[in-house]
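Features reported for this protein in Swiss-Prot:
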- 7, 8, 9, 10, 11, 12, 13, 14: ATP binding site (BINDING)
């Protein structure tokens, strides 16, 4: 089984990921936890390029191709081998993020984005995508609080520094994907304390057919 977590900045998906893994392991899954960008050694180098604030002049096209390169390596060297071994892969962001960030928010040609995604993924799609949804204002408030706790400088946060309209387009893009693929997406209200959000996530997962592994 292949499960991905998606959401705008500050949606809380990374916070919920360990809770998700605990739930899956209690239901018989052997989990491999990964992320994009940066799920492989090569991918970690690409991640550094993508998130480096010194690269604030990176063109949208460059950004798109770097994400595609990261994903192509990730799918072929980690995701597909783990799935072939019968493991459950849990990934913090995947191809949907590229469609909404580079397509919806950056305004790149959507057909180009989708073609690159198909090549990079080799046609692999998640079985379940958990979309943690909340208004951008609330998500960015959380994100900046996390950044302050971690001692990062505001100038070091390339995506958080985008205008509010950018984050609104990201949210709209995710919700559009969820409307188009309701059989794959599970939309979770991400407002409120982490424990409450976790409860909503678990309740939603318990309704998913075949979530139990023999």
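Placement of Cβ uses the backbone N, Cα and C atoms for every residue, glycine included.
The structure displayed is predicted, hence computed values, not measured ones.
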If you run the three-state DSSP split on residue 9 (ATP binding site), which class comes out? coil
Who sits close to residue 14 (ATP binding site): which same-chain residues at least 6 apart have their Cβ under 8 Å from its Cβ? 5, 92
For residue 7 (ATP binding site), which residues of its chain lie six or more apart in sequence with Cβ-Cβ distance below 8 Å? 13, 131, 132, 133, 134, 139, 174, 190
Once 7, 8, 9, 10, 11, 12, 13, 14 are set aside, which residues in the chain still have Cβ within 8 Å of the Cβ centroid of the ATP site? 132, 134, 139, 142, 143, 190
Out of the binding-site residues 10, 13, the residue with the smallest number of other Cβ atoms within 10 Å is 13
Please report the number of other Cβ atoms within 10 Å of the Cβ of residue 12 (ATP binding site). 25
Take the Cβ of residue 9 (ATP binding site) and count every other Cβ within 10 Å, whichever protein chain it belongs to. 18
Residue 11 (ATP binding site) CB neighbourhood, other CB atoms within 10 A: 27
